[in-house]
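Here's what TrEMBL has on this protein:
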BINDING   SER155, ARG175, THR236, SER298, ARG299, LYS308, GLY336, LEU337, GLU375  NADP(+) binding site
DOMAIN    92-220  domain 'FAD-binding FR-type'
Amino acid sequence: MAYLALSQATVVVPAGSDYCLRKSVFKTNNLSFHDKLWGPVSALDLKTKNGRPRDQRILCMSVQQASVPKVAVSPLELENANEPPLNLYKPKGPYTATVLSVERLVGPKAPGETCHIVIDHGGNVPYWEGQSYGVIPPGENPKKPGKPHNVRLYSIASTRYGDTFDGKTASLCVRRAVYYDPETGKEDPSKNGVCSNFLCDSKPGDKVLITGPSGKIMLLPEDNPNATHIMIATGTGIAPYRGYLRRMFMESVPTYKFGGLAWLFLGVANSDSLLYDEEFTKYLKDHPDNFRYDLALSREQKNKSGGKMYVQDKIEEYSDEIFKLLDGGAHIYFCGLKGMMPGIQETLKRVAEKKGEKWEEKLSQLKKNKQWHVEVY
Ligand code: FAD
């Protein structure tokens, strides 16, 4: 399967076979589609003849098609800068962006809700893969009456071209912060997270104040097109990697060709909590020599001691290979909840010691070589 970018183009889809347009199923027989379109659809015109569907004309930003390898992107000058854009908009002068879409990413059995939110910045707040936006939720800061809320940071989950491939949008992967009273176990909405709930509840057309872009830690390193990238995520920590992987495997950029190895470890609670799994499974199918994808489903899988399976257990399982790759110059990235790091560090230390290596020395070497990238919150 490959992709075709059709910026505001019309696709004529003859009646006859199946593909999915967002949540609706349509029929076609000469285009081979994955199971949904990946860009927003701006218009849909179903042509009928004799009362029966004949053509389905879809005016859309992108569709997947069998014969073209990757999505062509524009504008290509987004490749020209030598330095990433930084803090173009600050908390005192944020940019007013518009929400384009909000989509629940997880299934009904996932504990909690995570949403994919596409924001239109009109090309005014460019960013690079791995950077974050700040969001200022509406309302008053409870700790500073009369002042706005503090900025909350969100890793950007799209490439610089955005999910619409035109350099005008950014996508966020946001988990709704819900507060449960520790005594009663009941939700207390008065203590729910302000910004994550604002974003997950927002509707297309709503305005959102953004700052940034910020962050250099998770930028893809300069040697990245041919490097090995070991990416460890828990939950929404997947966001920057989704951007990396779309750049590596989905988009066609004449000056960027990925020939290295990307190895993703994702830890979530159960299979309903998987994030962007369709995209990753597809890369695995299309680029088996360049992509590896391993999951740790804590509530569904057991580790070798019979306990819950966490990302560090997967790291341990593959530790020989991981250590070899690190010795060969691989980059290793960690993104997600702060709580993931102690368990991972302990595992890496234990593995290093088993191999007769000193973890502290190895870690400081990795940091010195700029192979070690951590963004946890
Ligand atoms: P807040 O209103 O800030 O509340 C924080 C927590 O406190 C919530 O869990 C809330 O329920 C609880 N709380 C509120 N009031 C009380 C009270 N009275 N008593 C007890 N508890 C209370 N998050 C993502 O979802 N996706 C990302 O990609 C992402 N990327 C990030 C990148 C970076 C670099 C950083 C630093 C953070 C990132 N975050 C991300 C986290 C994000 O910035 C926010 O911290 C998160 O969304 C919670 O913000 P909030 O406004 O919803 O919650």
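Cβ coordinates come from backbone N, Cα and C, glycine included.
Sequence features, as recorded in TrEMBL, placed on the structure.
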residue	record	DSSP (3 states)
SER155	NADP(+) binding site	strand
THR236	NADP(+) binding site	helix
ARG299	NADP(+) binding site	coil
GLY336	NADP(+) binding site	strand
GLU375	NADP(+) binding site	strand
Note to self: Looking at the domain 'FAD-binding FR-type' (92-220) alone, can you tell me the average pLDDT?
What the structure shows: 97
Next item on the list: Mind telling me which of the binding-site residues ARG299, GLY336, GLU375 has the densest Cβ neighbourhood, counting other Cβ atoms within 10 Å?
Entry: GLY336
Notebook entry, point to check: Of SER155, ARG299, GLY336, listed as binding-site residues, which ones have a Cβ less than 6 Å away from ligand 1?
Noted result: SER155
Notebook entry, point to check: Which residues, sitting 6 or more apart from THR236 (NADP(+) binding site) on the same chain, put a CB under 8 Å from its CB?
Noted result: THR114, SER155, CYS173, VAL174, ARG175, LEU275, GLY336
